[in-house]
Every structure is written in structure tokens, then in C-alpha cells.
Amino acid sequence: MAIRSIRKYGDELLRKKSRKVEKIDKRLLTLIDDMFETMYNADGVGLAAPQVGILKRLVVIDVGEGPVVLINPEILETSGKAVDVEGCLSIPERQGEVERPTYVKAKALNEKGEEIVIEAEDLFARAICHETDHLNGVLFVDKLAESEGN
């Protein structure tokens, strides 16, 4: 396992759309391990592959309920709304209020290639939305609440 360098705000790669993961192989499993180590080292709760320079649809999340791997995640359903403060490991100097759903149902593959369906609430739901945005080249600063201004 290795700590990878996190791309920072202004890096063009963070604005690109990630490609679907076609196969789960040793390289991808190593990337997953590295992403968890990088995220934990930076005291984060989520990390998307583009943040470490890889344009693949892969995110890792741990909001305190254990590590979760989402390969090719797809949000199926959302409900509720809440505005809360978010930060991002790629924009360490900034936080802001972002409106997100309070409930998310998503499907993805896990690291074994099995399809999983996750129902998440509150911080976990927020993390899934935030990290999935990264896969589409969207950063939390693009979604700041009206009161924050852009």
C-alpha cells in the first residue's frame, strides 16, 4: 500500500469525466488499497479515483461505519434535502454549505465484482453524492448553497 498524492483544485484532471471500470484486476485492487490509505492519512471520509490522478469510476468511503468500495456507482434514488458544511481533500483550504439529499439509494460493484445496492442516509448519503460528483468532474464548490455565493 502507498499514500498517493492528492490532486488539488485547479488541476484540469479534476474537471474531467471518469471512464467506467471494465475489469477488476490486481492493479485496481492495489489502487483501492492505496486510496484508502491516502484517505485515512488525510483524515478524509471519501476519495474518488480522479483525486489521485486516475480517471476511473471508483470511490472509497468510510464515514465511521467501515470501509466501502463503489466501482461504477450509480445513484438510483434520492429523497430529502439538507444543507451542511462540506470540505474536500482536493480543496483543503475551503469549506462551504452544500445542499444534498438526506437519503440515497445507489448501486455499484464491490471489489469482488459483485453488484451491491446501498441505502445511505445523512453523512453517508452526502459522501456518496460528493464522491460521485468527482467522477463527473463536479466539485463541491460548484454546488455551494445560495447563501455562500460562488
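Start at 1 and count along the chain as shown; that gives each residue its number.
Just so it is clear, glycine is given a Cβ too, placed from its N, Cα and C backbone atoms.
Bear in mind that the values here come from a model prediction, so they are computed numbers and not experimental data.
Database features, via Swiss-Prot:
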type     : residues              : note
ACT_SITE : Glu131                : active site
BINDING  : Cys88, His130, His134 : Fe cation binding site
Residues close to Fe cation site centre defined by Cys88, His130, His134, Cβ within 8 Å:
Gly46, Ala48, Gln51, Glu86, Leu89, Ser90, Glu131, Asp133, Leu139, Phe140
Where does Cys88 (Fe cation binding site) sit by DSSP, helix, strand or coil?
strand
Measure from the Cβ of His134 (Fe cation binding site) and count the other Cβ atoms within 10 Å, all protein chains considered.
22
